[in-house]
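The following features are taken from Swiss-Prot:
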BINDING   410, 417  Mg(2+) 1 binding site
BINDING   417  Mg(2+) 2 binding site
């Protein structure tokens, strides 16, 4: 057993003994539930922080606070609640039983304090401890006692401790909540209706991904956690709800990375009588307004870059982006869509770029892999990439001028995809054929190919109006707004392998 563990175990034993003493001598004080808080720390700081010492003395303002003890320096305590920190002072008036109980306080305990508000000689607000109650005894010490909570894995496994001691972590999740609220408000103002669609699907669909499989006992059948809500949302558009959106979780049985968590949050929306260009315009308006609302600016730092959310964003086709970021590759510079349609040409090109090939890859998949390998990470500023091939866009409408590609875009910021949108395929016969092609791809070994959904075809046969739809990755968007570079830092409880 290490010295660190021995010291921690000793402290835990001491704290348990203190709690047992309270239970024995005054059981009602072990875990009381009657304390009434009148103010949060930030409220007191905002209302009285600018007062002079003399003015506060004359005011004789009484308050009741509650929170966690974060520091204990002689007669002063630093108490933290959800809004911030404030001090409490246990001076000469603290005598007898109150003094004894104060001396038994440990860092991490949750307490309530009542008393008059004062200003210290250093200009800090504090509450004079005229009444005090231990509300919860913390049996484990906070990690500052043991060199701080610096281990990333421990931060993710014990997020509750991370939130107690790391202000940056708390602020990131506060910002996440604000981003989601701002998106929801924006959509409602644009007359979108928020809906909820099934989380368990009989047929997984709406995206190319490997699903999680579960079993419905009562129906004795396999079901799938949803990989996307798309097909259900478009059924609602068929039903006459012309603008719908949903903010909820998707599940994809794939790997973990700084950009991927198997359980993640998406905002997906659909609007009738619109196309993919309308979606790009709406995205520019949405992100610019949200950045201004939450940050007070349309510019924000991200790593060593400054991302600009104001104004119009760059728009490039996938082929144009590949050519832009491979200026010295003569083959790429001369490449045309006719060559992109040649699978042997594309396999040779991808191989020459060091890309490990899969036998079942189509021309579109090869083009996407080349884009991902040579261009994607260079898209730091907000950029719409258009011209996605039809064979990797089974739900998107074909382009009128080039049926090899679709009216689809993906939206990139900070070198990663944040959103995906397109004019929806509303030709039931074309959709039927594309679903069948996906089944063939799955049979050829593509685990992420889509399933055939006969009921969705039936819905399309009732008539889907011209529609555009988009999904925005909330987690990746929050990474930008919080200047963090791993998705685990913006998911409260990310997926982790169980500890042995």
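Keep in mind that glycine also has a Cβ here, set from the backbone N, Cα and C atoms.
In sequence order, 384, 385, 388, 417, 419, 420, 421 make up the list of same-chain residues 6 or more apart from residue 410 (Mg(2+) 1 binding site) whose Cβ falls under 8 Å from its Cβ. When Cβ atoms from all protein chains are considered, those within 10 Å of residue 417 (Mg(2+) 1 binding site) total 16, not counting its own. A strand conformation is recorded for residue 410 (Mg(2+) 1 binding site) in the three-state DSSP classification.
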